[in-house]
Amino acid sequence: MKILGIDPGTKNCGYAILEKSKFKTILLEAGLIKIKPNTLQYQITELCEGLDLIFKNHKFDEVAIEDIFFAYNPKTVLKLAQFRGALSLKILQLHGDFAEYTPLQVKKTVTGKAKADKEQVAFMVKKILGINKEIKPLDITDAIAIALTHANNLRIN
């Protein structure tokens, strides 16, 4: 089963592709859709074009995305919500249904602690998948954690 995990952001959008079998989970690919500073419309276009490319190169059984987190800056929340809306529409067009997980759900699944920081998540992602090299930036490890959370949720259900 091939799972795409997506960590939406306004500067970078992390993505990770996992192959899950009955006995193991393998990281096939992970990276960033880089979003250059520009008008919101062009940034959303870049995000959607990046997602198009990922779906053009892969077929997925499942897609999971991180839900919007709480932020203190209303402008940031509004921009992220617009990115998230465009991303949701694009995923529905390219794939269909997708799963959503809050940051707390992802942290709890991967580290066992809902209040874990990004470095703890990155450490556990590498440990779970048996990866020895550093994975940067943290947007990528977050995307992997989202995919792992979905893989775990599928196993439970």
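Backbone N, Cα and C atoms are what each Cβ position is placed from, and that goes for glycine too.
The active site feature in Swiss-Prot is assigned to D7 (among others); the stated evidence is sequence analysis. All protein chains shown were included, and the count of other CB atoms within 10 Å of the CB of D7 (active site) stands at 24.
Residues annotated as Mg(2+) 1 binding site in Swiss-Prot: D7, D139.
Annotated active site per Swiss-Prot: E66 (among others), in sequence order, evidence recorded as sequence analysis. With a 10 A radius on its CB, E66 (active site) counts 23 other CB atoms from all the protein chains.
Positions annotated as Mg(2+) 2 binding site by Swiss-Prot: E66. According to DSSP, E66 (active site) is assigned to a strand segment.
Residues annotated as active site in Swiss-Prot, with sequence analysis given as evidence: D139 (among others). Around D139 (Mg(2+) 1 binding site), the same-chain residues at least 6 positions away in sequence with a Cβ under 8 Å from its Cβ are D7, G9, N12, C13, G14, L32.
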